[in-house]
Amino acid sequence: MSSNHRTESQALAQADLLSREHCLQLDAQDPLAACRERFTLPAGVIYLDGNSLGAMPAAVPARMRQAIEQEWAVGLIRSWNDADWYPAPQRVGARIAELIGASGSEVIVADSTSVNLFKLLVAALRMRPGRQTILGENGNFPTDAYVAAGVAELTGVQHRAVAPDEVLAALNEDVAVLTLTHVNYKSGQVYDMAAITRRAHEVGALVIWDLAHTAGAMPCELNACEADFAVGCGYKYLNGGPGAPSFAFVATRHQAALRQPITGWHGHATPFAFGQTYTPAPGIDRMLVGTAPQMGLFSLEAALSAFDDVDLQQLRAKSLSLTSLFIALVDQQLSGHGFGLATPRNPALRGSQVSLTHEQGYAIVQALIARGVIGDFRAPDILRFGFAALYLSHADVWDAVTTLKDVMDRRSWATPEFMARKAVT
Ligand SMILES: Cc1ncc(COP(=O)(O)O)c(C=O)c1O
Ligand SMILES: Nc1c(O)cccc1C(=O)C[C@H](N)C(=O)O
């Protein structure tokens with residue numbers, strides 16, 4: 001943690017610039033302020049959980065009504081052709097490619113993130129025969145570790161997880177594939193994609209990046225970093241809705257050799273020839289397995305229109321402005337309440353979330369939700385707040401921290417109701 005960054009936010013706080021009026025001035029100069037209208041959010045809610053389930057884009061309901069009431073109810077099976085259902089995985093993939101620094105023919109939408117990770121891990125191992133290790137990181141999102149361990153068991157290689165700051169040193173010529181999440185789901189810390197990919201390639205390893213907390217939250221440059229493979233969620237910062245399908249990226253140079261293990265008919269070169277042997281489709285299409293979840297795809301496609309004409313550098317600048325403001329306000333208003341900061345102060349190392357620590361974190365998050373400020377809790381002590389730059393304002397950040405201060409001052413978290421854990425959070 002650099003002392004420069006601490007001094008910066010303390011100076012901000014001490015200069016007494018941090019008033020609601022100042023936040024409103026920042027909002028008045030925000031080039032993305034109008035994007036808020038592209039979302040439907042309930043009145044009285046400040047939504048800081050877009051890193052788990054994105055808010056609903058206003059374009060989605062009409063698209064879903066059309067898909068259900070016209071294309072399905074009236075068009076029936078004809079809609080696979082007439083309504084362009086069939087090419088939706090490629091079409092939506094090409095739109096996501098623009099957000100992650102890939103070309104349109106390198107990204108496809110299919111299945112869940114977990115399933116795409118499985119397919120790419122097996123494919124990567126097949127490209128590095130003789131190597132015995134899948135390298136991962138401690139503290140990754142559990143599904144990434146579970147899937148890597150499952151693939152290791154299936155293929156007979158070892159899965160080795162190391163601390164994030166030991167990844168570079170752990171790369172050696174036994175590593176077939178390195179699998180990392182670009183922005184950590186708990187801390188919000190960002191890896192240096194270019195440097196890690198370069199080092200992995202020096203030892204002959206491939207890299208799979210999980211972009212679940214990157215895509216739509218901040219720009220990333222897969223091709224400029226010479227990335228091999230990536231996966232990411234459709235339902236977080238891309239706002240595709242609950243269970244919206246995920247995406248997979250395969251760099252053009254790897255596509256011809258890629259052999260993924262779930263050889264379903266939609267990944268076949270000629271699915272409607274109904275032949276009895278499997279021939280993979282050319283290009284990214286071979287990542288497909290079975291029939292795509294069309295309703296989730298349509299929802300995701302409509303949701304992506306919220307990014308139309310959005311300059312990703314402006315998105316990044318606003319995201320950092322929101323997260324820096326949140327940190328500065330927590331420093332200013334919540335000292336003495338027992339909070340720690342689990343996210344880097346250095347903006348260059350931060351995704352689009354801020355995580356605080358507190359021993360009563362679960363109950364505090366429940367008390368905040370009851371007051372309309374929706375974040376989430378990750379055990380053992382993390383209060384997680386996601387800042388989706390398209391629909392949040394600086395005034396929202398002010399109001400959220402003011403509510404948190406009130407919850408702490410009044411100890412309104414200290415009730416049996418808020419302290420009792422729920423199953424899904
Ligand atoms: C980093 C990361 N990877 C993967 C997933 C899981 O993705 P899916 O539910 O699409 O399998 C999540 C969250 O659910 C996540 O945070
Ligand atoms: N996918 C989720 C779900 O089905 C229910 C509750 C939460 C989720 C999430 O996405 C969690 C999320 N990946 C996280 O970063 O914690």
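Going from the start of the chain as shown, residues are counted 1 onward.
Keep in mind that glycine also has a Cβ here, set from the backbone N, Cα and C atoms.
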Figure out which of TRP72, TRP265 sits with THR113, SER114, PHE141, PRO142, THR143, ASP144, THR181, ASP210, HIS213, TYR235, THR291 in the pyridoxal 5'-phosphate site per TrEMBL. TRP265
Taking only the CA atoms, the spacing between HIS213 (pyridoxal 5'-phosphate binding site) and LYS236 (N6-(pyridoxal phosphate)lysine), expressed in whole angstrom, is 7
Using a 10 Å radius around each Cβ and counting other Cβ atoms from all shown chains, which of the binding-site residues THR113, THR143, THR181 yields the largest count? THR181
Distance [Cα-Cα, Å, rounded] between TRP265 (pyridoxal 5'-phosphate binding site) and LYS236 (N6-(pyridoxal phosphate)lysine): 29
Return one of helix, strand or coil for THR181 (pyridoxal 5'-phosphate binding site), based on DSSP. strand
